[in-house]
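As annotated by Swiss-Prot, active site, charge relay system applies to 87, 139, 243. The disulfide bond annotation in Swiss-Prot covers 72-88, 173-249, 206-228, 239-267, 348-364, 438-510, 466-488, 500-528, 609-625, 705-766, 733-745, and the record cites sequence analysis as its basis. Per Swiss-Prot, domain 'Peptidase S1 1' is recorded for 47-291. Annotation comment: Swiss-Prot describes 323-567 as domain 'Peptidase S1 2', evidence class sequence analysis. Sequence annotations record features per position, and here Swiss-Prot assigns domain 'Peptidase S1 3' to 584-802 based on sequence analysis. What Swiss-Prot lists as N-linked glycosylation site is 92, 130, 217, 317, 396, 415. For 1-19, the entry in Swiss-Prot reads signal peptide.
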């Protein structure tokens, strides 16, 4: 368990006006401490999901200051003693000096003093010897004040429970503090003390909730000395800045300190109640360390034991609270879809995110007059229109496409117990799994043309493919748990011919265990193609939550990351060409995910050749395989991508195209070795259909090279055989009299059985360390070792294709395909093809890598 994923340690520093609270220590007379009373605040009417407390309601609540601001809470248990949480004072195993801390007593608002408020220095801080981390228990600390507190109406000690004290499950208790009102959402000025009612949960019920993976994919083993309080549905809880503060329960007219705020997984999250230190468990430790204090803390007897503990469900039979958002009867019928009607504009589509707020693109409204009286919001299954009273645009909405968001507050609340439902929003750490089922939904201006249901369905690409296909060059791929820069869908069906998606914006809804999340959005499409990259919603959850104070931010519901979750750690994306990404292939490739540029070229007569996708509408192949020698007939050709032998790749990426023309370079006399096949329509970039990069010179320096083809010509399962490139000098000598200009030689470093079959004319690929794959050559007819170089045809390819991905990898190639150096004497007169006896000599003469 990673302690940094817990959220107990306060990060908020609220600085009151300097000098607002001065230490006005007055030594009380001994008579004031006779028969110390506890747990009795002055009569009064009566955090996350909390509200302002009335002054004097919780007179034992103290504020612990460090560096001039509030850090943690605490409870006054005796005039000279405060009880708090150990994690407030221990950093990396080291206890912080007591003289750096001060205790503010009798305070209600951190912004200004009340009568009776005063400050005390801390003389000593004590923590249990066995404390190390919050999740391992013993999270409590005793603070001895440098001088006793002055007791009065706003400063009184709380009662401590004895070890035998029993708090019944379901008891309504109260937590107080100045902590965040939501995750990373600080309590606003004037920083008034907050109170929230929480119900005690039995150990079995709490362990049941924490045994199921939830936020951060973590579970928790409750230990003796821990206490849970909250609600399965969440929404009310303590949060950062409340640590060390009290959880008090009333018993027999007195308030007892049942728990000390310790930690939680997030704040107010579903099925994740707060975890407190059970004070009764540590009675003996407290008594031992305050022994001799006069007066010490009070441990009143429990007047009446609660009835026998209520029955708790067995852990395997417990019931979890279900999400209250993201429910749709069928995909495509979205109960949260909202149409914002502004006079003079087309409808703007958004989504209902709470009972009072709609989220929509800010670009719909930035040019409109803010006469909200004329604005209306239409919701499904609602005959009445909702009026708008307020618009809050994201602060970067006009400058940043990724922040094109606005929140519209409705005049009257929507009853969410009936239709419509609000959509769920992801937390910052939400990781939508690769392969997640998603769907496009309307977003922003425009009325999209009718689409078939299948055209809107998609699965998510993994982060590596998404960021490397559509992100910035060289950007690091965020690992799971970090907010992504992009979300990318892979569509289940190819686009209909002639379809154009440019007239409307789209949002991306993704489903987890039957619950729909608003995962991303895109206001404008790129050309006529379906949107390929969406701005993620994870980075905006805190802003939405802060504004709405009620949006449905929901925890991740599926956690089976599998190998995909490990692939993206510490990876960066290779460089792009001016036409985009090319030659991409993950460093660790799952079984079945192969070479996205490799194509099967099916020629009339059941002949199958190897082809390489070099641009969205072009495939490169060997001429001798495509065109029969002496034939003047142009064959009928189909091209297939995304095939792994007889089965398709995951996510259904099967692409087929027909060839409309064959282009050959103009060579004098000889038949050119390379042919370009023009496809009838472009291929959408995807992990199984992506152009390779072309290197216009020789072999890139420091490259590893492979012959890529099929070992079995029937099933055509791709296989890659490692090779070394011979220098032009060695190649010329070994093929004297038989070497065609523009060809080069390779030497296989693997055994014979690992080589590719050659009838389909396999390609030669090279890759520099961490870089993309580049195409260097295509096999020459009838040879395993001879290849026609791509470099000499670079100009022809560029002029013909227009979008070929030429990538200059830098440095000087260690060979050029042309060369006529004289042969060494010991190789002069070699046969026209390499002999086995010559291989050791060849290896010795190879230029080292």
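Note that Cβ sites are derived from N, Cα and C of the backbone, with glycine treated the same way.
Sequence features, as recorded in Swiss-Prot, placed on the structure.
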residue: 92; record: N-linked glycosylation site; contacts (Cβ under 8 Å, 6+ apart): none
residue: 130; record: N-linked glycosylation site; contacts (Cβ under 8 Å, 6+ apart): 137, 138
residue: 173; record: disulfide bond; contacts (Cβ under 8 Å, 6+ apart): 167, 197, 198, 199, 200, 229, 247, 248, 249, 250, 258, 259
residue: 396; record: N-linked glycosylation site; contacts (Cβ under 8 Å, 6+ apart): 403
residue: 466; record: disulfide bond; contacts (Cβ under 8 Å, 6+ apart): 460, 484, 486, 487, 488, 533
Among 348, 364 [disulfide-bonded residues], residue with fewest other Cβ within 10 Å: 364
Which recorded positions sit within 10 Å of residue 72 (disulfide bond) - Cα, from 228, 243, 348, 364: 243
Between residue 267 (disulfide bond) and residue 243 (active site, charge relay system), the C-alpha gap once rounded to whole angstrom: 12
For residue 206 (disulfide bond): DSSP state (helix, strand, coil): helix
Helix, strand or coil at residue 488 (disulfide bond) [DSSP, three-state]: coil
Rounded inter-Cα distance in Å - residue 206 (disulfide bond), residue 733 (disulfide bond): 79
Residue 139 (active site, charge relay system): tally of other CB atoms within 10 A of its CB: 30
Residue 87 (active site, charge relay system) to residue 733 (disulfide bond) - Cα separation in whole Å: 75
Residue pair residue 139 (active site, charge relay system), residue 88 (disulfide bond) - Cα distance, angstrom, rounded: 9
Collapsed DSSP category at residue 609 (disulfide bond): strand
Cβ-Cβ neighbours of residue 72 (disulfide bond) (radius 10 Å): 29
Between residue 228 (disulfide bond) and residue 364 (disulfide bond), the C-alpha gap once rounded to whole angstrom: 46
Candidate with the highest Cβ count within 10 Å, taken from the disulfide-bonded residues 228, 625: 228
Closest of 239, 243, 438, 510 to residue 88 (disulfide bond), Cα positions, recorded positions only: 243
Sparsest Cβ surroundings (other CB atoms within 10 Å) among the recorded positions 243, 415: 415
Residue 510 (disulfide bond) versus disulfide-bonded residues 348, 364, 609, 625 - nearest by Cα: 348
